[in-house]
């Protein structure tokens, strides 16, 4: 069965969602060798993934994950693929606290850095959030304070079977795409940044197959895997089973475009300070702007704002009210008390 599937991909034939699910179920059950996994990943990357293949792989990974139950019918995630090489501060992580400050349930899925100096887990750890807590603590945080951090290694133990082939290949594969599609709380409203413009529709279509309610899949034309305030952004919006793709520009929300260097991040401690300054209301410039526009999209996805302009305005109000910073402090205290 594996040889037939591999031959199909080598001959540049797409797999069905079910075929992909079967292969990844075998990977995550330890039924394939490192050589087989490596050959499959390389052949798939050469052919190019489809949205059905992405969805099939994500379904297999979701089944193997440690799941948590969110009490809210609306659950937001702001996890992206990473890999944009932009070395910005942690925009999506900071925006997650703004969304939570609006009273929306946030299950922030993330990991340590892969391609930058500081991933979501790194900055949260620098802020004082305890990462190595049991999954039930994350579940309690999501349900009791409205935001929890789902540290990927604690929820996706089956990924251990892909560690060696991924490391030895050393190139980007489908595994670099699965994180935002495999939230352990089954987040159904997302702002999902991707590392290439051609991926926005593919991810939106995959999210649709996976049952998402509403999502904005975004790629800044400056290369950012976020909604950019330095350049226009390609958006594939999933709403009620339909995907629409369009561009938005910073001028739609703000008077001036920012400079790429305004988005620069640094070490985890430096990025933690940036996040605190934004959430406490001290930061009033481009860094705040990029956070409120990304948080604003999440507020629209969650049904809290009518459109992006209203979402941006609401995100700014939440920061100014102190509610976003309060959510950060609550998460820090909760993980320390329950770790």
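A Cβ is built for glycine as well, from the same backbone N, Cα and C atoms used for every other residue.
The number of other CB atoms found within 10 A of the CB of residue 111 (anthranilate 1 binding site), across every protein chain shown, is 18. As annotated by Swiss-Prot, 5-phospho-alpha-D-ribose 1-diphosphate binding site applies to 80, 83-84, 88, 90-93, 108-116, 120.
Under the three-state DSSP scheme, residue 111 (anthranilate 1 binding site) falls in the coil class. Sequence annotations record features per position, and here Swiss-Prot assigns anthranilate 1 binding site to 80, 111.
Summarising the annotation, Swiss-Prot assigns Mg(2+) 1 binding site to 92, 226. Summarising the environment of residue 226 (Mg(2+) 1 binding site), the number of other Cβ atoms within 10 Å of its Cβ, over all protein chains shown, is 27.
In sequence order, 41, 173, 175 constitute the residues six or more apart from residue 166 (anthranilate 2 binding site) in its chain with CB-CB distances below 8 Å. In the three-state DSSP reading, residue 166 (anthranilate 2 binding site) counts as helix. Annotated anthranilate 2 binding site per Swiss-Prot: 166, in sequence order, evidence recorded as sequence analysis.
Residues or ranges marked as Mg(2+) 2 binding site by Swiss-Prot: 225, 226. Classification of residue 225 (Mg(2+) 2 binding site) by DSSP places it in coil, neither helical nor stranded.
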If you measure from the CA of residue 226 (Mg(2+) 1 binding site) out to 10 Å, which binding-site residues from the list 109, 111, 112 are inside that radius?
none
Can you tell me how far the Cα of residue 111 (anthranilate 1 binding site) sits from the Cα of residue 92 (5-phospho-alpha-D-ribose 1-diphosphate binding site), in Å?
13
Sequence gap of 6 or more, C-beta under 8 Å: which same-chain residues meet both conditions with respect to residue 112 (5-phospho-alpha-D-ribose 1-diphosphate binding site)?
119, 121, 122
So how many other Cβ atoms are close to residue 92 (5-phospho-alpha-D-ribose 1-diphosphate binding site), meaning within 10 Å of its Cβ?
26
